[in-house]
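Copied over from TrEMBL, here are the features:
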type: TRANSMEM; residues: A:15-34; note: transmembrane segment
type: TRANSMEM; residues: A:46-64; note: transmembrane segment
type: TRANSMEM; residues: A:84-106; note: transmembrane segment
type: TRANSMEM; residues: A:118-141; note: transmembrane segment
type: TRANSMEM; residues: A:147-172; note: transmembrane segment
type: TRANSMEM; residues: A:184-205; note: transmembrane segment
type: TRANSMEM; residues: A:211-228; note: transmembrane segment
type: DOMAIN; residues: A:272-408; note: domain 'GGDEF'
type: DOMAIN; residues: A:417-612; note: domain 'HD-GYP'
Amino acid sequence: MSFLKRERTLKISASQWYFIIISLFGIIVFGFVNKAEFLNYTLQEWTWLYALTGATLILDHFAFQLPPKGNGQSMDSSVYLACMFIYGPAFALSVCLLTLIISSVYYKKPFWKDLANFNIYVLMISGASIVFTATGGTIGTLENEKILSYLAALTTYFFINVLVIGFFYVILMRSTLYEALKSFFKDIILVYLSTLILSLALTILISSNGVFGLTLFIALSTMLSYSFKQLFTMYNDIQEKATRDQRTGLFNHSYFESLLDEEIVKASQNDTPLSLVMIDIDDFKKYNDQFGHLKGDMLLGFLGHFLHEECEPAEVVASRFGGEEFTILMPGYDEGAASEFVNRLRKKLNDTYYEGVEIFPSGCLSFSAGIASHRVDIHDKAQLVDFADQAMYYAKKQGKNNVHIYGSSSAKEHEIDFAEDVRDIEQQLKLFLYKDVDTFKHSKRVFRYAMDMSTVLKLDSVDRRHFILGALIHDIGKLEIPWGILNKKGKLTAEEWETVKNHVVWGKRIAETNEKLKELVPFIELHHERYDGGGYPHGYSGKQIPRLCRMLTIIDSFDAMTTERPYQKTKTYEEGIAELRRCSGTQFDPELTELFIGYMEQRMLEQQQPAAGMESS
Amino acid sequence: MVFDGIILGLIVGMIRGGLKQGLHAFGQLKLKGGWIFPVLLLIQLVIFAVQDQSSFVASISNYMFMGIYIVGMIFLWLNRDQHGFGLILTGVFLNFLVMAVNGGRMPVSLQAASVLDPYYVDMLSQGTVITKHYLLDESTRLPFLGDIIPLSPPYPRSQAISIGDIVMNVGIFVYIVQLMSGDKKKAEKNKPLETGSSA
């Protein structure tokens with residue numbers, strides 16, 4: 001926030017400096033050309049001064065807006081130019097001065113704006129007049145044979161205007177002069193040309209018919225101005241409709257996309273911060289279900305209004321992304337500043353009452369927001385949107401009414417991802433609830449052992465994740481084993497045993513269909529391999545089997561031994577440990593077996609003497 | 001000249017606001033110290049009627065006109081929040097200023113007066129008849145604020161007017177047009193937001 005503010009004041013002062021310089025220069029030129037001549041005007045000259053000032057005021061009043069935004073264009077230039085051609089630059093400047101005085105009193109605009117405008121006119125008129133006389137033009141009625149002087153004057157007038165305004169945009173928008181001029185030329189050249197040509201028409205009208213000629217001209221150009229104004233209003237209306245979302249009054253998705261493109265380019269070129277915020281209303285569906293879509297739409301409208309009111313003063317752009325999702329594009333904000341802004345927004349919304357918010361779990365309007373800030377390596381807008389979306393998802397997972405910065409607390413993000421993956425796999429394992437409850441329970445137990453063992457083994461987060469998920473999913477292939485074999489009470493035949501052994505291959509195939517599960521394939525495939533090479537399906541031995549798979553084999557076997565199985569007698573934990581010891585070095589990795597036994601003994605000790613630990617401490 | 005702005009204002013107001021709406025607006029007209037204006041008009045008429053008979057009234061008529069101007073300007077100032085009244089006040093003040101610095105009379109330039117009836121020009125140049133006007137000369141102060149603007153055909157009335165008159169008439173025009181068509185715009189502005197209530 002503070003960063004942006006500082007930058008903004010800096011911007012304003014840069015453009016103010018520019019205006020101060022232009023104004024000083026203009027005032028000097030004015031003094032030099034005009035020499036306060038108006039003090040000695042005859043009454044007839046005064047009448048003309050009034051008439052021409054009136055004309056410029058009327059045309060100013062009917063000024064129309066031209067792109068770039070906020071750039072007013074009025075046809076008063078034709079009056080100044082005609083004035084300069086007929087009466088000379090000093091008189092034109094007098095008209096200019098009187099116009100300045102009257103309009104600054106009447107319109108109550110900030111004075112420096114009027115003054116800057118006045119001085120730009122002074123420079124243009126004086127410059128044009130110098131070129132006019134230098135190329136042989138004479139003041140008075142229009143002379144056909146000197147048309148080139150007139151054209152030279154008009155061209156000069158135009159170029160001084162374009163340059164002065166162009167440089168202003170260079171300073172204000174920090175674009176290049178070429179860019180500023182390009183948009184300038186494209187948008188205003190026609191209007192400008194007609195203004196310039198009209199100045200010649202006015203010169204002829206005034207010289208031949210005096211005030212009546214001027215009146216005709218004003219009537220004509222007022223109507224022209226008015227039609228231009230209508231045209232641009234219409235143009236803006238249509239543009240507005242194309243870029244606005246009707247429901248919320250915010251920008252729509254397609255406008256947001258194009259804006260994002262522009263801002264990313266700008267941020268990359270100037271190396272300025274840029275943040276994207278993705279907002280999703282919490283429990284909006286609930287509101288919709290409770291009160292109907294009409295009320296839901298009204299709530300969306302209300303939120304749109306809220307976001308607009310909050311975002312506009314901060315010079316950030318809120319758009320409706322779709323459904324109950326909104327985006328805020330924040331040029332100049334790094335993720336810290338963006339987070340500060342969005343959190344303030346969130347709290348304000350929490351404190352805003354809206355009809356029916358009682359039904360929300362939190363009892364108030366809230367949203368979850370994800371923030372992604374632009375980095376040098378991001379060139380594709382979709383990537384930034386994805387990151388923000390991802391961050392928003394994390395915010396939701398942290399209990400909603402939350403703001404999450406993408407990548408800021410990766411531990412938290414991993415945890416959320418992990419929990420999500422566990423849930424996914426559990427979802428698949430649920431099939432066992434019908435087919436083989438024992439396998440379901442077994443998987444859950446092995447999963448818990450794996451959680452504990454990953455702590456014992458001090459695994460890093462990636463290994464831990466793989467190991468635990470692998471443990472949970474390792475028997476997924478058993479889904480393919482026929483129901484009869486799986487639940488058979490007696491001993492299995494050799495053929496049936498072969499079928500059972502196949503579950504590691506089937507499991508592998510199941511896991512391979514899912515991108516997310518691919519990492520877990522070794523655990524599914526190799527958990528029946530033996531340390532001495534006597535296992536299946538490949539008969540790998542020792543280090544050929546990944547370490548964590550060897551670990552899983554131990555856990556898996558231990559749980560199988562110590563829990564009830566159709567074809568096996570149940571062992572106690574002590575018996576299970578003894579069995580592990582017996583097979584250590586043959587079936588199991590001896591080192592890992594010791595680690596597991598150590599862990600199990602510790603656990604049993606704690607379970608038997610729950611108070612012992614407390615007493616000793 | 002006072003009527004030009006009124007007539008033009010009524011015409012444009014009628015076009016933009018409609019007759020019914022416009023008349024309704026006049027019915028609702030509320031001005032602070034509204035009684036001042038007719039009283040001033042009455043006093044002026046009395047002065048016109050009496051100054052031929054009474055030399056005393058004639059001798060102080062200039063000062064009385066100045067007084068009327070000041071009271072009128074106070075009335076305008078009281079209602080300065082009305083649209084156009086600022087302009088009317090400015091116009092009246094400009095006229096007042098040039099009259100005040102020229103002994104209570106409005107200077108008329110010979111050139112501008114040439115569009116008028118020659119009889120009137122004669123009257124002015126001889127300075128025999130006492131009126132609110134006198135012929136502009138070298139000694140006139142602020143001549144550019146005097147009646148120096150000639151109005152002639154195709155303008156429907158031939159007159160010499162001052163810049164103050166023009167500003168005043170623009171103000172009257174703005175006021176009347178605003179009065180007759182303004183309410184509609186105001187209503188649009190105050191229209192409640194379409195988006196839901198946040199009570």
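From the backbone N, Cα and C atoms, a Cβ is placed for every residue, glycine too.
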Quiz prompt | Contact call for the transmembrane segment (A:147-172) and the transmembrane segment (A:46-64): at least 3 Cβ pairs under 8 Å, seq gap 6+ | solution = no
Quiz item: Between the transmembrane segment (A:118-141) and the transmembrane segment (A:15-34), do 3 or more CB pairs sit under 8 angstroms, pairs being 6 or more residues apart?
Solution: yes
Quiz prompt | the domain 'GGDEF' (A:272-408): DSSP-derived helix, strand, coil residue counts | solution = 63 helix, 31 strand, 43 coil
Self-check item: Remote residues contacting the transmembrane segment (A:84-106) - C-beta distance under 8 A, at least 6 residues beyond either end
Solution: 30, 33-35, 37-38, 41, 45, 48-49, 52-53, 56-57, 60, 76, 114-115, 117-118, 121-122, 125-126, 128-129, 132, 137, 139-142, 150, 153, 199-200, 203, 206-207
Exercise. Let me know the model's mean pLDDT on the domain 'GGDEF' (A:272-408).
Key: 87
